[in-house]
Every structure is written in structure tokens, then in C-alpha cells.
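Undergrad: According to TrEMBL, the protein has these features:
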- Arg207, 232-233, 246-250, 263-270, Asn284: FAD binding site (BINDING)
- 4-187: domain 'Electron transfer flavoprotein alpha/beta-subunit N-terminal' (DOMAIN)
- 185-204: region 'Disordered' (REGION)
Amino acid sequence: MSTILIIADHRDGQLSTATRKTVRCAADFDADAIDILVLAEDGAEVAAQAARLSGVRRVRYVNHPTHAHPMAATAAPQIVAAVKAGDYSHVLGSNSSFGKDVMPRVAALLGVAMVTDLMHVTGAYEFQRPTYAGNAVDTIVAPADRILVATARGASFEPAAEDGDAELEALSLDVELPTHTRFVSTDTHTSERPDLGTAPRVVTGGRGVGSEENFRVIYDFADHIGAAVGASRAAVDAGYVPNDMQVGQTGKIIAPELYICFGISGAIQHLAGIKDAGTIVAVNKDEDAPIFEIADYGLVGDLFEVIPALTRAIG
Ligand SMILES: Cc1cc2nc3c(=O)[nH]c(=O)nc-3n(C[C@H](O)[C@H](O)[C@H](O)COP(=O)(O)OP(=O)(O)OC[C@H]3O[C@@H](n4cnc5c(N)ncnc54)[C@H](O)[C@@H]3O)c2cc1C
């Protein structure tokens, strides 16, 4: 019997797509019940969004001032208290920054190991996950006599449908919170463009773009086709773009319907981030670049000539 608690990811009052995908992952467990826990300063609105997700039994929300700026150190003890109070067998989070931060603490406080990046669920305690930068797939069998803590790989699941009507419950937890960690400030890169993690179209640039100024051609082309913008690690390390735009093993793992990359060679660490992309289009001036081995469409050419031509052709 599996009773699953999903830890909601949300920002600015909006439930994240990553959580919708985690709910879809949970459905594959053939669970007896799927509940969602929302930790927020005032979680009623996010909880109402979560309650619409298909297959969810109950959404529990905890209002607490510490959640105005979510911190793993204070969230984890509250999650553990909710897990124990609800007698859950599984605790799932998404593989977002917050999920990757908080879920190991939850596992540690529960005294169990955790499984990261579930990409395929084959039983209540049997899963597949990528390893070696996505070049191999592990099958994991977890012990059924312990609470299972895991994160779901967003790129592997569709978002849950929104035709549900789960029960809402305000939860009050009596937990002593650690005082060794406090919120200081947030420094985020804001963008009007679609979100890189969830956009159906993504355009990226690599070291071949050459400079921060040159990256303008990548932004303009992305805006022309309504795409999110990403980059290789070499482009990030060279300072062309901020590091939250990095795609790959140590960046964002994405699964857009269309992925177009310019001046990216196709190192395995980059490919680890785009394995689940639908159609991959690569433009590179080196016909031997490894990216062409995995591209559905490849164009050998100088990106500074190809992009204006593509823009004109698209109209
Ligand atoms: C532990 C570890 C983790 C890593 N994680 C990541 C990660 O998450 N993401 C990631 O991307 N990398 C990651 N890397 C780095 C990775 O190994 C590569 O170094 C990096 O992906 C290379 O980036 P690039 O393709 O932009 O640069 P390069 O490999 O230098 O390729 C640039 C390409 O641009 C082409 N080019 C140049 N000028 C033009 C032009 N005018 N028009 C068209 N093409 C042009 C060249 O032919 C070349 O193929 C990681 C490495 C390690 C060791």
C-alpha cells in the first residue's frame, strides 16, 4: 500500500509545472492516495491550484512566516512532521533547486536514503533513473519497509491534468525550527521570456557565439519564434550569460518539443540536459561536431549568417 505526499514547488503564488509533473509521476505508483503539502506564508491560493490536479486526494497547507522565503533548513522539519502525522509511505519532490535542496534533508531527518531523478516507475519501490550523465539507466529497488524519499525528473513526465477536486486542509504543525539558518537576500535573474525549464521551444548558444554582445542574435531569434533562451556551460563560464541559463548535466535538464542550438559542440555533459527534447536542430560551422550525431536536423554554417537567413525564411 502506498500513500504518497508530494512537496509542492511554488513561486509568487503560482504552483510550478514541476509539481504538476511530480503528481503525474506519483500516479504511476498505482498509489492508494496522493496528497500534496504546500508550505507558504499564505498557502491557500497555491493549495487551491494544487487541488485541481488529477488524482490528488487532499492538499494540506501550512502557513508560516518562515516560508515567505523558502529555506530547506526550516522546511524539512515541518515536512517530516507532516509525513509522520499522515503516516505516508512515500515522499516525493521535484528535481527543482528547492526539491534538490530540501529532499535530502527530509531523508536525513527520517533516517532513510533517497532516490533522485526518477524517470520511470515500474513498481511502488522499483524505478529507473539516469546515471553517467544520462548515458546509462539504473534500475533501483528500494526497501519496502522504509519511507521512500525521492525526486521526480521533470523532463520524463507530462504535467498532471487539471480536472481534479481534492479536499483542502489547513495544517498546523508544532515543530521546533532551527535558528542557525536565516534568509538574507535573493538575487535572481528575471526575464520576460518563457521559462527555460518548461518552454516548448528553446534556443541555445554556446562558446561559438563568441561574446555577451553577440548573444543578442540568440535572444532576438528566440523572441522571433517565442522560445526560451539557454546556453552551454562554456558560454556561461565565459560570462556571455548568467548561470541559470545553463543547460546540461550540471545545469537544467529540459524536454522542449523543439531545441535549436547554435555554436554548441555537443559534449556529453550538454547532451545530458536535452536527451528528452523532441526535435533537435543544430547549427555549427564544424561538420564533424558531435552535436550532429544526435541532431534531427543539422546545418553546417556560420551562425551569424544562418540566423538572419532563418529569421527571413520564417518571416
Ligand atoms: C563535470 C562537468 C559537468 C559539465 N556540465 C555541463 C553542463 O551542464 N552543460 C554544458 O553545456 N556543459 C557542461 N560541461 C562542459 C562540457 O564538457 C563542454 O565543455 C561544454 O558543453 C562546451 O560548450 P560549447 O559546446 O559551447 O563549447 P565548445 O565545445 O568550445 O564548442 C563550440 C562550438 O561552436 C562552434 N562554432 C564556433 N564558431 C561558430 C560559428 N560562428 N557558427 C557556428 N558554430 C560555431 C565550434 O565549431 C564548436 O563546435 C561539463 C563538464 C564537466 C567536466
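Just so you know, glycine gets a Cβ as well, placed from its N, Cα and C.
Annotations in TrEMBL come from automatic prediction, not curation.
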Undergrad: Can you work out which residues elsewhere in the same chain, 6+ from the ends of the region 'Disordered' (185-204), have a Cβ less than 8 Å from its Cβ atoms?
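TA: Same-chain contacts beyond the ends: 17-18, 69, 96, 154, 218-219, 221-223, 225-232, 242, 244-245, 247, 252, 254, 256-262, 264, 277.
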Undergrad: Give me the non-local Cβ neighbours of Arg207 (FAD binding site): same chain, 6+ apart in sequence, Cβ-Cβ under 8 Å, ordered along the sequence.
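TA: The answer is Ser232, Ala234, Ala235, Ala238, Gly263, Ile264, Ser265.
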Undergrad: Out of these binding-site residues, Ile264, Ala267, which one has the fewest other C-beta atoms within 10 Å of its own C-beta?
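TA: Across Ile264, Ala267, these binding-site residues, the one with fewest Cβ atoms within 10 Å is Ala267.
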Undergrad: Using a 10 Å radius around each Cβ and counting other Cβ atoms from all shown chains, which of the binding-site residues Gln246, Gln249, His270 yields the largest count?
TA: His270
Undergrad: Per DSSP, Gln246 (FAD binding site) is which: helix, strand or coil?
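TA: Going by the DSSP assignment, Gln246 (FAD binding site) falls within a strand, counted as strand.
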Undergrad: Translate the DSSP assignment of Ile264 (FAD binding site) into the three-state scheme.
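TA: Once the DSSP labels are grouped into three classes, Ile264 (FAD binding site) ends up as coil.
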